[in-house]
């Protein structure tokens, strides 16, 4: 049975709360904006974690079925006045914050026994578990998570808040592996610029030397120090000053003694940045903006080390991964949205379209133009596949058809790297051209000569129809407003050239006719998207390319009932669609493409 009692929240308006130790529910009653008493009821779930004074549980709002994290602090543990003040400070600070990289504060209330703090639930645990599971992170992964953390810390400092306990265990990951800074139990808020705090607090491995010294107090720079420790720990797999006992750890911190293990490959740029951050003198440490700029500048050459796994079709890529549940095909969203499914680890043999929670890429396409020009070409390709399956109902042959003398497409995407979390999609075409599909839906294509560039923007006519307009320029001597995009394109190109100079097998049969070959110049990726099992490219010549994450590939021709297939033997061959649907290896992939096309045509 639950017992009703009068209660008041800490630093919040008064209301009633219900709770008892033997009840599976946590309840509280308060007045809403109209002055009407309403009761919130939460179902208590499993233990998420515990600390010195609190335990954290998963709870579920009975009315909305929304999950939350609930930090429960037993009042009996607050034996000293400073403990109560500390809790009140934590609540006051956390309640005042609202940022995408800070755990969201939802509510706070209390009863006779406990104080309850309701917060956003981060379902992917913390960076601590993530790094332990991975042993250590690649530089690309480290950069991704660090930039998010820096964004959150910058927000805290702008609001005069010093976290003072930044560590992997307080960096939570939500369902999209986005970093959320949490646990403000040691946080403080400065009352004026230049104020110095003198409390000895923090976690031993992450504590800054000026906190240990205590003579001159400390300020925002303690968070910067902790950021350096976090970065080192991600790259190496353990904190830089870790020892068997706290005293030895403090001794190393005061002496600033640490090394990078010789057995691990860590770039000079990454080491240099860590050393810049872990300066004993607080005033010599870079600002948060400086660290962020370093990661996006000279550190930028490291950003694609993990995405190499994308090119290798590795299921272990985590730089942009999400927790996924098996899902059935769902309607393709509006093509103006930036929501595209993430890749999974292997192709589903049942060939489900898998269009659940999605990634950006098919963005800025313009639904009007899609339904007109693009829709017609997609419908033709969809009908070609549909008719082929109607004629050949069963796929009984286990092998793949023999090679043919039919030509290959004039151009296709041969290499690619998805960095749409920050910039966009970079790719190389089979004709040697390089391109980028930026996150703002603009495109850039670099010719084989390495000099001529096409910048492609999306325009809208008065009737609402969108179309691409090409603006030719030069790699050297381009307009100033294109400098950043040209630089990014060069980074993408250099990365793809250096890491995979020639992934494709030698061509053993012809490309299209001379007239069609001439028309291939200037072809670019007009749209793209990622599903759970593949990445899909729509080229500007209307060909439809699907690269599966088992390294097989399907290209549908826009103007002929042909399909070009790259099998597990790495060779490409072109066939009539009706001739190949009886082969199991190809059939399940073409059926998958048919399901995707069906939804796109319907949209």
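Backbone N, Cα and C atoms are what each Cβ position is placed from, and that goes for glycine too.
Caution: TrEMBL annotation is automatic and unverified by curators.
According to TrEMBL, the ATP binding site annotation covers 71. The domain 'Protein kinase' annotation in TrEMBL covers 42-299. Among the features that TrEMBL reports, domain 'POLO box' is placed at 412-498, 524-602. What TrEMBL lists as region 'Disordered' is 346-365.
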The domain 'POLO box' (524-602), counted residue by residue under DSSP: helix, strand, coil: 23 helix, 32 strand, 24 coil
Local confidence of the prediction over the domain 'Protein kinase' (42-299), expressed as mean pLDDT: 93
Counts by DSSP class (helix H/G/I, strand E/B, coil) across the domain 'POLO box' (412-498): 19 helix, 40 strand, 28 coil
Neighbourhood of residue 71 (ATP binding site) by C-beta distance under 8 A, where only residues 6 or more apart in the same chain count: 54, 55, 56, 116, 117, 119
